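As recorded in Swiss-Prot, the features of this protein are as follows:
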type	residues	note
REGION	1-208	region 'Disordered'
COMPBIAS	28-46	compositional bias 'Basic and acidic residues'
COMPBIAS	47-59	compositional bias 'Polar residues'
COMPBIAS	114-129	compositional bias 'Polar residues'
COMPBIAS	177-187	compositional bias 'Polar residues'
MOD_RES	SER254	phosphoserine
MOD_RES	SER255	phosphoserine
MOD_RES	SER256	phosphoserine
REGION	286-307	region 'Disordered'
MOD_RES	SER326	phosphoserine
MOD_RES	SER328	phosphoserine
REGION	332-354	region 'Disordered'
COMPBIAS	336-347	compositional bias 'Polar residues'
TRANSMEM	399-419	transmembrane segment
TOPO_DOM	420-446	topological domain 'Extracellular'
TRANSMEM	447-467	transmembrane segment
TRANSMEM	480-500	transmembrane segment
TRANSMEM	504-524	transmembrane segment
TRANSMEM	531-551	transmembrane segment
TOPO_DOM	552-558	topological domain 'Extracellular'
TRANSMEM	559-579	transmembrane segment
TRANSMEM	643-663	transmembrane segment
TOPO_DOM	664-679	topological domain 'Extracellular'
TRANSMEM	680-700	transmembrane segment
TRANSMEM	707-727	transmembrane segment
TOPO_DOM	728-746	topological domain 'Extracellular'
TRANSMEM	747-767	transmembrane segment
TRANSMEM	774-794	transmembrane segment
TOPO_DOM	795-807	topological domain 'Extracellular'
TRANSMEM	808-828	transmembrane segment
MOD_RES	SER851	phosphoserine
MOD_RES	SER852	phosphoserine
Amino acid sequence: MSGRDNRGAGGGGGGGHHHQPLSSAMGKLKEKLTRAGEELGYHRVESNLSASNTGTSLDTILPEDPFPFPQAAPQRHPQQQFPHLHPLRLLHDVDDEPPLSFRPLLEDDDINEPPQQIQQQRSALRSSGSLELTPLPPPPTSLEPHRDRQQRSIVTGGEELQRSKQSLKGSRVSFEKPQQQGNNKAAESSDEDSFEDKRIGFQQQKATSVDHKGILKDLRHILANDNRRQFQAKKHVSLDIKGTRFLQDLLKDSSSEEEFHKTRREFQGRKHQSLDPRVTFKLDKVLQGSSTDSDEEGDDAEHKRLIHRPKDITKPVIIDLKDLESESDEDFLTSRQNFQQQRSISTDSRKSRRLYEMDEMGNKRGDNIRHAVPFVRQITEDGKPKLEVYRPTTNPIYIWTQVLAALSVSLGSLVVGFASAYTSPALVSMTNTNLTSFVVTPQAASWVGGIMPLAGLAGGIAGGPFIEYLGRRNTILATAVPFIISWLLIACAVNVVMVLCGRFLAGFCVGIASLSLPVYLGETVQPEVRGTLGLLPTAFGNIGILLCFVAGTYMDWSMLAFLGGTLPVPFLILMFLIPETPRWYVSRGREERARKALVWLRGKEADVEPELKGLMRSQADADRQATQNTMLELLKRSNLKPLSISLGLMFFQQLSGINAVIFYTVQIFQDAGSTIDGNVCTIIVGVVNFMATFIATVLIDRAGRKILLYVSNVAMILTLFVLGGFFYCKSTGMDTSNVGWLPLSCFVVYILGFSLGFGPIPWLMMGEILPAKIRGSAASVATAFNWSCTFVVTKSFQDMIDVMGAHGAFWMFGAICFVGLFFVIFYVPETQGKTLEDIERKMMGRVRRMSSVANIKPLSFNM
């Protein structure tokens, strides 16, 4: 202390000597503070520290504006920030004196009174005599001028800042952070954005995320920052239909309720809702470029064209329930699904039909809207419940290549139908000794009719390995030439053995074709029309039956066989034009060929990658679960259910007595003593069979499989019991001449009922419900079982009539149909509108109960 005091005592007389080191130190302090401020992101506004006013400046080193400084930063001494800086040891080495602090001026500070720490420092310096303080002008009494000055500097572009610099000269050093002009401009522009700009920006953004989290984030942003109903009114239909401004305007401008509904349907079809804004943007661009003053027919065509644009396909977005970030996400999905189910876009067509009627949408555009708007459906993969935001394909459903494939294989079914009906008209002329060079006994005639089902049994067994190793298409193609040979053997026969050989070869081909045709169509046709196009083989089969009945009226058995030999020729030619099924290519590891087949079937502009990946996933699951022994796979518990359903449907189909009726139609009418010619009756039955199949083709994708099976069962039960009653009355000697029309009427209703349901649906469902890994072998077993039942019924029908009478045979068939009704009610699933993968997951028991998002039921909907 003594040394320090001595230095201070000498300072009074030698002020200039001590003033020079202090001035030099203050200059260094100024430079270091300036450098430190620049390093921290501040820039110097003004500094005028000189040797003449060091006393004035040292006690006022405070920032001019406190706000640019970070308020939450901890207060640190200059020594702590800059260890090399010792401003208070310039004149005295005072160890117990606190260093000079430097901190922002806070709002709670008293401007007129320096901080306590500075007062202590001043007192220490005064007592030492080393520093003489010069009073400053009084500081401002509040912080408002500083705030006003800061705002004015932003508005006037720096003019106020220059004036502030001039006013600060000679007083203090201050630092401030550069203003972020870009953020202010962004905020101002954000405030000026209109709702339309936000919506267009949302739709036009190129980097739209396919990840559901990104999509939900975008949607939440729109819903949080804009009026929801405004957004929905401009983009799509609101949940509250009458509350939507757009629809309110439509309602006001419409002259009638019918016009309002029409306008609303067009609006929904064109501006359809999509989680991918790119789809909506594409449609907007097309709409803006199209003419608005076209006639009604042109508008309708434009509406359909927009909906069916192949390039507007979007890939599914998989949403795992556990990934939903909040309840609002789930509420959004729930509300969206409620809206969509009310707007008649359910995957269940029966439900859709009821909703169409409720909403007065009818059948004109109902299907188009249902296929244009996305929906949320339940899927399950690897046991984990998921939701799939799925938009059904906007490809044109009836693509000509797909129809060509269905027609090509259906021509094979026409050959099958002709072969099945051949015995009914042919046996009449074959047993006539005047028209045949060889004798055909009744026993041989029964074998002519019964050997074909027996050969079909062998063909069904052999067809399973064929379609697995040769492929579906190649197996079908391989039956064409043997069909021709079989008919030539019959036509050129000189004895019964040649006829039986020809019938056996034809039956073998029939068994293979019956197995492979539904499998091919089930694997190539889209789910939306699989029912309609899947019934084409049955329809063409009935055409073959009708053709055989009509031609048999005018031709003998030999000429009829020559006609049958010409039918496989167009079938053979068309089969060369169509590809193998993509599913079979995938099972053989030929991915590129599968992609080409899908492009051929779905159209060149279609996006086939999602479907191809689904096929590959399904095949991978099948490969993981497959064993070396395919027949042992059939006995697995998970496979027994679909196999037993298929076998049950085949059993009730044949035990309904249909083939007995078809094979022996003429003889039945002769035994009934009908006043109508037997050949005419067969033609009538064939026409009804043909017409009923086309009715089923129209209804099957609207009413569903099970509804048609119910109708079919009831119709067959009633007619078989009535027909049995007629034959019972005839056998007891009662006069039935007044009701000679009854057998034909019963046969017509019976054929109508059979062709609506139990005729085509068992074959269709065989290609739908059997799992992919056992489809070939299981279809082989089901087909063989079907032909076994056919053989038993046709071969034993005459014996049944001899034992229990015609009435007993028909009553037995009716009782079996009655049991079959309960089998359908309790055991057969509905497969309408479902993909093969969905059906397989359900049949294998992989689908678990979902949350309310997936299981929600449609609410009541009122306009």
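Note that Cβ sites are derived from N, Cα and C of the backbone, with glycine treated the same way.
Remember, predicted model here, so these are calculated numbers, not experimental data.
The listed stretches are 399-419, 504-524, 531-551, 707-727, 747-767; of these, 707-727 has the most Cβ pairs under 8 Å to the transmembrane segment (808-828). Packing against the transmembrane segment (774-794) from elsewhere in the chain are residues 449-450, 453-454, 456-465, 467-468, 507, 511, 514-515, 518-519, 630-631, 633-634, 639, 642-643, 646-647, 650-651, 653-655, 657, 659-660, 663, 762, 766-767: each is 6 or more residues past its ends and has a CB under 8 Å from a CB in it. Counting residues of the topological domain 'Extracellular' (552-558) by DSSP class, helix then strand then coil, yields 5 helix, 0 strand, 2 coil. In summary, the transmembrane segment (559-579) lies against the transmembrane segment (480-500): three or more C-beta pairs, each 6 or more positions apart in sequence, are under 8 Å. Highlighted: of the candidate stretches 447-467, 480-500, 504-524, 531-551, 680-700, 680-700 has the greatest count of Cβ pairs under 8 Å to the transmembrane segment (747-767). Relative to the transmembrane segment (399-419), the listed stretch 531-551 leads the set 447-467, 480-500, 504-524, 531-551 in CB pairs under 8 A. If you take every residue in the topological domain 'Extracellular' (420-446) and average the pLDDT, you get 82. Within the chain carrying the topological domain 'Extracellular' (552-558), a Cβ under 8 angstroms from the stretch's Cβ atoms is held by residues 424-430, 435-436, 490-491, 493, 679-680, 682-683, all 6 or more beyond its ends.
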